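First comes the structure, then the notes that go with it.
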Ligand SMILES: *Cc1c(COP(=O)(O)O)cnc(C)c1O
């Protein structure tokens, strides 16, 4: 058969993700509605391919509902250049900052905002300026790029001590041009309302503000999604919503819909087989699941090779759209690479070809990614980011 014969065959994929771009817009506006000041900007975090949702369509959808001062953030300059292509008029923040001279030049040339979290990154900038003073100056003046100094307030991951921030500020004040500045820090436990570290970090940030001689125009930011939802005193001049844009909540013990968020990624598949299993027989790899009674077992056409968590335990819910209505089908047996098995004993209507929801929302029913992540001992961030290439994304714009 010629190759063209294959490409003309359109078969429904066994698994796909409906990506609801209206829901992304809704979630962004919901994040903004929490803000304590109308001057507070929102910096939409679209790193890691917009948490697995597909960065270009997500960025284009967000751009439509953003205010003039709202912007984007990613981790690397490679990610930033993809975003800049879609929205050249928006600021894009490179949160890891440059780790080499080449990256510093690429960030300056790309007109991106960037983070300096370590003392050595100051030298990367100064070296670039020394090599081409007028070129760097004109690039920075043209882009109005903002440099965010990241300080450590207790997360102990990225962020410099106050002493280093003081040295960086002193060096920047000697440049022959004014670089717009920001002061940032990141919260370690804002998802847990009972943890006192958030308060400690806030106090450390305020302490830094008083100890550092910051230019008046310096913007400040601490809050990501958890900070936006639960710590209004930390909103400051800018917030950095990530996970909430995608409809899941970072808050412990809650699910996205509790916050008024709408799921964006609705992961679907189909029943590909229905089997009858006798009491005492086992199902799947390792024969770990043994039927206590005669069972009707549905086989769903997706597994960990598509990004479904292998550690999801027996009982984790899936929803099946049958002729008679939507039913809950709990996992029974280990998740394998291309398939998972569910208990359909209490249902007679499901048949091969029926659609299944693994997480998200469909047919008026919610199956929050937070619930599946909790069951599998992980977080929705990881579920979203781990969706594999094999799963086509279908963008829904209205
Ligand atoms: C990923 C990230 C965010 C977004 O966090 P969410 O919990 O997804 O809202 C904000 N700030 C920094 C520095 C990040 O790395």
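The first residue you see is number 1, and the count goes up from there.
Cβ atoms are placed via backbone N, Cα and C, with glycine included.
Listed features, source TrEMBL:
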ACT_SITE  47  active site, proton acceptor
ACT_SITE  285  active site, proton acceptor
BINDING   157, 337  substrate binding site
DOMAIN    264-396  domain 'Alanine racemase C-terminal'
MOD_RES   47  N6-(pyridoxal phosphate)lysine
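Feature map: annotations from TrEMBL on the structure.
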residue : record                       : Cβ within 10 Å
47      : active site, proton acceptor : 20
157     : substrate binding site       : 9
285     : active site, proton acceptor : 12
337     : substrate binding site       : 13
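DSSP places the residues of the domain 'Alanine racemase C-terminal' (264-396) in helix, strand and coil in these numbers: 16 helix, 55 strand, 62 coil. Per-residue pLDDT, averaged along the domain 'Alanine racemase C-terminal' (264-396), amounts to 97 for this model. When the alpha carbons of residue 47 (active site, proton acceptor) and residue 157 (substrate binding site) are compared, the span between them is 18 angstrom. You'll find the Cα of residue 157 (substrate binding site) roughly 39 Å from the Cα of residue 285 (active site, proton acceptor). Here the C-alpha separation of residue 337 (substrate binding site) and residue 285 (active site, proton acceptor) works out to 11 Å.
In the three-state DSSP assignment, the secondary structure recorded for residue 47 (active site, proton acceptor) is helix.
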